[in-house]
Ligand code: NAI
Ligand code: MG
């Protein structure tokens, strides 16, 4: 099991260190290799995704990723900004399927922004397409408006596009995932307005014919945003495009209290995967030992499940996290106001202790 460890910037190194500690406590043989990524790589090598980092990622079965980004790189031209590293890895490795579970741990029921009856027992999986859509569509750029009342003014433009095979492969991934769950898929689009979405919906219906045991429904993205806060438990698997998925998965994360609890996986068709917390590099708390490492630890569990087929090891980590939460341990982001909290390292140590105990 060859794992590339790319810690990145901000809280990245702090939280990844805890996940590595947890992996090493499982008593299995992992081959871990570290490389720089993001702002840290720019500082050292002049590029956020240097060739040596990319080739290490390519040669590994899985990548454990922290986070990239810091305000201090905001003035750099776009191709050199830290965030380009994660976009580059997704593109170069063909990581087209992003899994973002939103689970409300019963021990954290008070942390949600919603009423307990609306969210208790919440367990949804957002499957976001990651390689297409308006994020990568060409042409894009800046030009001059050609006519109309704004003729001569500058305009920015992007292209939203999806091809049939791209929709089909993310559709299959979502239906397969639903088979391991409650067998319900909600496909989210904007087919009342967008051509891309009309094709998306057509292809999802076609894919669903191969999965008669899974129920498919469709929802417009604006309604989905509303239903996610009104009745989030009505969803099982949500499948959607890159842009809608970006927004809906962040929204769903808040149902569970803290983004510091949410793992993610990005997979290609070879089951090679990049595993990272759903949050960013949190420069506001970096270096203070305050960050919640659980999203990264749970991402390592997803890695064992999806890239290595080791449900047993993933389950052990998840059970250890639940135990630690049941024992009342909280980092600041999930602590009740006025209650004591622990730091990043104490939380990691507690998960290791729970694994061994
Ligand atoms: P963020 O997720 O880094 O932080 C948002 C808020 O959540 C902050 O108040 C932060 O302190 C808190 N937070 C995040 N993770 C936490 C954790 N583990 N424990 C406790 N609190 C936590 O998002 P923000 O502030 O929008 O972006 C900061 C930087 O991260 C930017 O440079 C952004 O581009 C980058 N970013 C990188 C991502 C990646 O590497 N995949 C994803 C999202 C943002
Ligand atoms: Mg986002």
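Every residue gets a Cβ built from N, Cα and C, even glycine.
Unlike curated records, TrEMBL annotations are generated automatically.
Remember, it's a predicted structure, so these values are computed and weren't measured experimentally.
Under the heading substrate binding site, TrEMBL lists 90, 100, 128, 222. Close to residue 90 (substrate binding site) in the fold, though at least 6 residues off in sequence, lie 96, 130, 131, 266, 274, each with a CB less than 8 Å from its CB.
Under the heading Mg(2+) binding site, TrEMBL lists 222, 246, 250. For the recorded site, residue 246 (Mg(2+) binding site), the DSSP three-state label reads helix.
Taking Cβ-Cβ distances under 8 Å and a sequence separation of 6 or more, the neighbours of residue 282 (NAD(+) binding site) in its chain are 10, 11, 67, 291. A coil conformation is recorded for residue 282 (NAD(+) binding site) in the three-state DSSP classification, outside any helix or strand. For 280, 281, 282, 283, 284, 285, 286, 287, 288, 289, 290, 291, 292, the entry in TrEMBL reads NAD(+) binding site.
TrEMBL lists 2-351 with the feature domain 'Isopropylmalate dehydrogenase-like'.
Annotation for residue 135 (site 'Important for catalysis'): same-chain Cβ neighbours under 8 Å, separated by at least 6 residues, are 87, 242, 243. Annotation source TrEMBL lists site 'Important for catalysis' at 135 (among others).
Annotation source TrEMBL lists site 'Important for catalysis' at 190 (among others). Within the same chain, the residues at least 6 positions away from residue 190 (site 'Important for catalysis') whose Cβ sits under 8 Å from its Cβ are 197, 220, 221, 222, 244, listed in sequence order. According to DSSP, residue 190 (site 'Important for catalysis') is assigned to coil rather than to any helix or strand.
Classification of residue 292 (NAD(+) binding site) by DSSP places it in coil, neither helical nor stranded. Residue 280 (NAD(+) binding site) and residue 100 (substrate binding site) have their C-alpha atoms 14 Å apart, to the nearest angstrom. Among the binding-site residues 100, 128, 286, 288, 292, the residue whose Cα lies closest in space to that of residue 250 (Mg(2+) binding site) is 100.
Put plainly, the binding-site residues 100, 128, 288 were compared by Cβ crowding within 10 Å, and the winner is 128. Among the binding-site residues 90, 128, 284, the residues whose Cβ sits under 6 Å from any atom of ligand 1 are 284.
Distance from the CA of residue 246 (Mg(2+) binding site) to the CA of residue 128 (substrate binding site) is 7 Å.
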